[in-house]
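Peer 1: As annotated in TrEMBL:
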COMPBIAS  61-78  compositional bias 'Basic residues'
REGION    41-78  region 'Disordered'
REPEAT    88-129  repeat 'WD'
REPEAT    199-233  repeat 'WD'
REPEAT    290-324  repeat 'WD'
REPEAT    385-417  repeat 'WD'
TRANSMEM  12-33  transmembrane segment
């Protein structure tokens, strides 16, 4: 009897061991297959991205062919991207717009949570990001624009600027609200207050606002075909009809001389805004047009010196133009470059384009992704795919050109990116100038600039 019990116990132990061994083997096979599947998926995704980015047209230019629509897609967002400098969190609703102050110290963001936040740029590299909060009472802001450092007091144009100011476009009020920032009376920080609203003049949604760099006037444009030029007190100087069926974008040149519009038609129109010697408004008159696109223009951007413009169109191209022409003598702008992106999928409700202040890089938003192009030759240098959880709603370059910020709409986040592409293009430019330099002094200065630029790249681990 004892032998029988012992035998049964041994057989039981053996059975359990066999069962556990089989279970372990099954688990090993399962996880091995899963890992292989994941690796295969990553390889396929990488190859698909490579194919989409490196696809070329018949002229050999790179094209970007988006794989799927990016509408309301919040999964698969790339976290901790190697180009990401900072991630700004705090807004609790849709982020509409961004703008850097001219001195580069602040980034303003406008959101549907009824706030405008002024982020401290010096804190971007820190874990905690400080900001000044401005409440938009009884409304929310869809656009925000800093006043130029050299502008006058927006309430008292005859006196020098005593505080930093900014303007917003109100969603419900459909007008402009002026805010000022000042020191708190107790010296504990900065206070932001809404000063006054402009009269309601637009009949449809305001799509952009801007303060002229010379501080003499303010521009607003709406979804219909209306552009309004205002003085700093909110009095209308002029009203323009763009005759483009529907405006898609309007803006001012950095010099403050031109107001431009894009719309349903494939051209971009520019007007010259003139003032007399005593800074009194004289007139606004047609200056020139950018012609060549075969479909409507989504968006455009000026170079910081107002001599060039870049446009992005529904026709699958983006273009760079020389607008430093004698338009008074009917000289037309010159087309400098045509870049390619693939519009065949037609998945974008809108695209944004922004040229870096140093003009080396042109950034174009494509749904939730960002493409960085070489402005000189049109080559796609870098494609940041799926970096937001919603379509990109704003692009803003820091005045230094060293980084740019993007807003992700309903993902409520603002991401700041290192501009490694710009540094590379700058090095190429400096090396070309070094080869042509004839003076030892100039060569020495260029060599030093190249060393500094390469050191900046090394810090980014490029």
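Glycine is no exception: its Cβ is also placed from the backbone N, Cα and C atoms.
Automated prediction, rather than curation, is the source of TrEMBL annotations.
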Peer 1: So, taking each listed stretch (88-129, 199-233, 290-324) in turn and counting its Cβ pairs to the repeat 'WD' (385-417) that are under 8 angstroms, which one gives the highest count?
Peer 2: 88-129
Peer 1: Can you give the mean pLDDT for the repeat 'WD' (199-233), rounded to a whole number?
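Peer 2: Mean model confidence (pLDDT) across the repeat 'WD' (199-233) is 96.
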Peer 1: Under DSSP, the repeat 'WD' (385-417) has how many residues in helix, strand and coil?
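Peer 2: Counts, helix then strand then coil: 0 helix, 14 strand, 19 coil.
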Peer 1: Other than its close neighbours in sequence, what residues sit by the repeat 'WD' (290-324), given a CB gap under 8 Å and a spacing of at least six beyond its ends?
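Peer 2: Residues 63, 248-249, 251, 253-255, 257-258, 260, 262-268, 270, 332-344, 348, 350-355, 357-359, 362, 364, 373, 375, 378 contact the repeat 'WD' (290-324) from elsewhere in the chain.
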Peer 1: Where DSSP helix means H, G or I and strand means E or B, what are the helix, strand and coil counts for the repeat 'WD' (199-233)?
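Peer 2: Breakdown, helix to coil: 0 helix, 16 strand, 19 coil.
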Peer 1: DSSP on the repeat 'WD' (88-129): how many residues come out helix, how many strand, how many coil?
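Peer 2: Summed over the repeat 'WD' (88-129), the classes give 3 helix, 19 strand, 20 coil.
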